[in-house]
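These come from TrEMBL:
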- 12-29: transmembrane segment (TRANSMEM)
- 86-103: transmembrane segment (TRANSMEM)
- 138-157: transmembrane segment (TRANSMEM)
- 169-188: transmembrane segment (TRANSMEM)
- 195-217: transmembrane segment (TRANSMEM)
- 257-277: transmembrane segment (TRANSMEM)
- 289-307: transmembrane segment (TRANSMEM)
- 313-331: transmembrane segment (TRANSMEM)
- 338-356: transmembrane segment (TRANSMEM)
Amino acid sequence: MRARSWDPLGPVLAIVAGVVYAVGGWNGVLNRDLGLFVYGGQRFLDGEPPYTGVFNRVGPLADMLPGVGIALGRAVGLADVHGARAFYLVLSAVCAGLLYVVARDVLGSRTAAVVACAAFLCFETFTELAGSGPRDKTAMLVFLLAALVAARARRWWAFGGLTALATLTWQPAFVPLLVAGVVGIVSGREATRPLVAALRVCVAGLVTTLVFAAYFWSEGGLSRAIDGFLLVNLTDTSQPSPLKNPLYVWQFLTNGYGWSLYLVLVGLAVALLALVPQVARIAGLDRDYLVVGLAGATAAAWSTYALNGPPDMFVVLPFAAIGIGIVGLLLERRTSPAPAVALACVLTVAAGAQAVSLRDDTLVAQQASVDAMLRTTPDASMLSVAAPEALALAGRRNPTPYQLFALGFDQYVEDEWPGGLEGYAEYVRTERPELIVISTGSTPDWLVPVLADDYRRVGSAPKWFWYASTALPAEQLDELHSALKAAKP
């Protein structure tokens, strides 16, 4: 089927995706990373720029965009978490619509593009986080797919700006988009004037980046932003890699994606094989596929270098889906559209069934625990160590910007805080907040003596422990313990 400028299937598929994602609900667990983005969005709305309100090493839009969702949610009476999640569910649905446009244009078939979208709906972690986010990489995919649409249309000003936005959300997105830009410029109609196209990309990307830099400078947070966006990633970060930790990576990928991981791998394999000229001829693909195919190969290569969790695979998911779309294309051209349509229907039904199976109400239990704390100790000061989700649900502000103390963040605090981590522990001992909330993952060694000397564990919730200062009256400690215990489901 020939592509055209206006195609109602794109919006229709986005709506279908939104329905599938909504079926999964929006009360899934708010874990540390998701809580960090909600908390960062709250800090942004309160006038604290990213990296200053809460220090992180992803792009600034990872905090800003949840803030947009929170603001929209507050306008209609939604809780902050649900506002952010509703906004990101819409972004997730937009991803499906944009994927359809990309697949339709490079495959030259609406039927194959529908198959690609149906496959995309099956990718478990993306579906789970569509309604139970917010996750930075979801927003990154919106910009990445929009950039690929712009590259196909040879709109290099837009491509440069969108590439910058994708990178300012999650830095590794720059790598496949760089390849897409280079290939698109040298292989397309700009082959006779590539410098003009490249200049447009660079100027648009630079101007977009400078707008953000000017914002941080005006807020007095430029140095901290450079640390978080760039320097920590270059100097202090250590992440798992399928090359170094294959069994560990395979385990968290199978836990995160289930059966859909095999669909991802098959799709990637087909997408990469389609770069072989003989295979491309069989599938009827032209040079436009090179832009997407080589970008996908680059994304896959990056993912073999660093893969810190199932969401890190988001950058390859569109390309895996397009690979499944190529299977649909072969079915359509070798037989008739009917088998490809049947494949799309089977995948969509599987996606819907999977979404139902992913429904989770852990957030309700988390909020109940926070509500019990707020009723019992409404004015208590509070500090979080790797449990920003509790801060986000309570609407409290941490006294320091530091939440994460692993994977290089501990070294950053060691270098930046007076006295290092021991100095930070002494700060906690001196300030003695009435409540400390700590991730259930592990308690940092530097904090253990402080907890042993000055705090009592009074309860727990999914993903964190509550500690209360022993300076509080004994009857209040007992009341808090009882309230937190009663709040458990």
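A Cβ is built for glycine as well, from the same backbone N, Cα and C atoms used for every other residue.
From a predicted model like this one, the values you see are computed outputs, not experimental measurements.
With a cut-off of 8 Å on Cβ pairs spaced 6 or more residues apart, the transmembrane segment (12-29) and the transmembrane segment (338-356) reach 3 or more such pairs and are scored as touching. Stretch with the largest number of CB pairs closer than 8 A to the transmembrane segment (86-103), among 138-157, 169-188, 257-277, 289-307, 338-356: 138-157. Tertiary proximity for the transmembrane segment (169-188) is limited to same-chain residues at least six positions away from its ends with a CB under 8 Å from its CB atoms, namely 58-59, 61-62, 65, 136-137, 139-140, 143-144, 147-148, 151-152, 154, 156, 159-160, 163, 194, 197-198, 201, 229, 233, 287, 290-292, 294-299, 302, 306, 315.
Note on the transmembrane segment (138-157): residues 59, 61-62, 65, 88, 91-92, 94-95, 98-99, 101-102, 105-106, 126, 129-130, 163, 165-166, 169-170, 173, 176-177, 180-181, 184-185, 188-190, 197-198, 200-201, 203-204, 288, 291-292, 295, 314-315, 317-318 of its chain, located 6 or more positions outside it, place their CB under 8 angstroms from a CB of the stretch. Same-chain residues lying 6 or more positions outside the transmembrane segment (338-356) and placing a CB less than 8 Å from one of its CB atoms are 16, 20-21, 23-24, 111-112, 114-115, 117-119, 121-122, 124, 127, 258, 260, 324, 327-329, 331-332.
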